[in-house]
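So the structure is just underneath, and the comments pick up after that.
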C-alpha cells in the first residue's frame, strides 16, 4: 500500500508514469524491511536505478547521479522509518533560494518557481531564529501529481506537497510553513508512538503560527487559527465530543476503544484510521496553554529552543515533554500547574472533548468581523442588497474568504434563492481556482441543494485527490438528497482509479460499498 504506481493519466503531464512512496504512519514496512515504529531512528543510504528519461529523488541529505541513470542517496542524520521517501518520474528542478529548489513535472515547474521564489528562505530564517539551527542542509519541495492524498508530507530535505498549493497568488503558503515547522517538531523531536501524535502536530501547529505571526502579523495568523478551530468544531460535532479519538493520548491497541464495530478482535488498528483534527488543533491549544502558563512569549520561545536541543534526534513521550517543561520552569512546578482544577495535564491528555483552554484569537477580529457581518446579511429572508453591495470583498485575503464561507456554511441551508444570488454576486468565490475556496463552495452548493452547480463538485473531485478535500465532499453528498447520492456514485466511479488506495477505501466506506 505504501508504494504508489501512477499511470500517465494520473500525472499532470499525462505522458509518463510516476511512482512515489508514503511512509507515514506504518506503511514503509511494505517498501523495505525496517523497524517500522517512530520510536527507532537510523541513518540510511540507497542506490536507485531508473529508466532513461526519469529522475529519482529521496528524503536524503546528499544525492548524486552516476552512469546508467543510477542515483546514490545518503541521509546522514538519524530519522524514523516513516520519513524515508522515494519518488520517480519525469521531473525537473528550479532554484528558489540559497538552500532550496522546487521539483515538479515540466508542465508545472514555471508555476512552482513563481509561487515559491524567495519565500522559502524567509520562512526557514524565521524558523531558525525561533527554534534553533535547521539541521537538514537543504529544504526542497516536490510538487506531486494531483492524486497525492495529503496537503504535504514533511519528508526531511524534500517535502512532498499537493499541486493544489499552486494557487497562483501565494495564498496557501501556510501549508509550506507547516511542513517547514516539522523540521524541528516531528522530524527532529519525534513522537515515540502514534498514540501521542499531538507531540508532532500540536507543536508543529504552534510553530507554524509563531512563524506566520512573525511574517504576516498577528491579525492574519489569528484568522488562520480561527479557521483551524472551526475544523475542530466540525470534527467534534461529527463524532460527538466524548468520542475516544477526541483526546490527545489515543489508545491504538486491540482492546482499546479504537476498534471499529465488526472488526475481528485479533486485528490491530492502523494509526492512519485515527487521523483527525484533534492532535493538530487540540494539540495546538495545549501547547498554547503551556505558553499561557509561562506568561511571556519570549521566555516560551527560548523554552522551545531548549526543548528541541534537549530531545533532538530522539523519540519521546508526552511525559518526557511535560516533565521537561516542569523542570525548566521550577517556579511553575512549585505552583502545581500540572494539576489546576479543570486544566490538569492528565485531563488534557486523557479526557476526550473540547479543549479546556482556547488561546485568544481576538486580534483577528478586525478581519473576522466584516466576514461575520456579511455572512449574517446573506442568511436573512429578505436580502438587504444595499448593505451587501456596500461590502467590498475584492481586497480580502484567502483566509478572510475562507472564514466567510465557513460562516455561510454554518448558516446553510440559506433562505430560498440566496445562494444563487451569492454565486452571481461573487464570481471570485463561485468560480475560484483556489482549492480551499473550491472545497467550501462545493460544500455550500451541496448543503443548499444547488443542483445547477453540482457539476462544480464533480469537476473539483476530478481535478485532485487530496483526502481532506475528498472525504468531506463525499460525506456531504451521501448525507444529501437522492440527486446528491447519485452524483457521489457517478463521481466515484469516474475518479476511483486516480485516487490513492487509502482514499478509495475511505470513500467506499462512506458510500457503503465493499
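Heads up, the Cβ atoms here are built off N, Cα and C, so glycines get one too.
For residue 179 (active site, proton acceptor), applying a Cβ distance below 8 Å and a minimum sequence separation of six or more within one chain yields 152, 153, 154, 159, 161. According to TrEMBL, the feature active site, proton acceptor maps to 179.
The Cβ of residue 280 (active site, proton donor) lies under 8 Å from the Cβ of 198, 201, 202, 205, 228, 232, each of these being in the same chain and 6 or more residues away along the sequence. Among the features that TrEMBL reports, active site, proton donor is placed at 280.
Summarising the annotation, TrEMBL assigns peptide binding site to 22, 23, 24, 149, 150, 151, 152, 153, 154, 466, 467, 468. For residue 24 (peptide binding site), applying a Cβ distance below 8 Å and a minimum sequence separation of six or more within one chain yields 82, 83, 153, 272.
Summarising the environment of residue 201 (Zn(2+) binding site), the number of other Cβ atoms within 10 Å of its Cβ, over all protein chains shown, is 25. What TrEMBL records for 178, 182, 201 is Zn(2+) binding site.
Summed and averaged per residue, pLDDT over the domain 'Peptidase M1 leukotriene A4 hydrolase/aminopeptidase C-terminal' (366-511) gives 95. Per TrEMBL, domain 'Peptidase M1 leukotriene A4 hydrolase/aminopeptidase C-terminal' is recorded for 366-511.
Cβ environment of residue 22 (peptide binding site): 2, 4, 85, 149, 150, 153, 160, 500 lie under 8 Å away, each six or more residues apart in the same chain. Using a 10 Å radius centred on the Cβ of residue 152 (peptide binding site) and all shown protein chains, the other Cβ atoms total 19.
Cβ-based neighbour count (10 Å, all protein chains) for residue 150 (peptide binding site) stands at 20.
Here the C-alpha separation of residue 467 (peptide binding site) and residue 178 (Zn(2+) binding site) works out to 17 Å. In sequence order, 154, 200, 204 are the residues near residue 182 (Zn(2+) binding site), counting only same-chain partners six or more apart with C-beta under 8 A.
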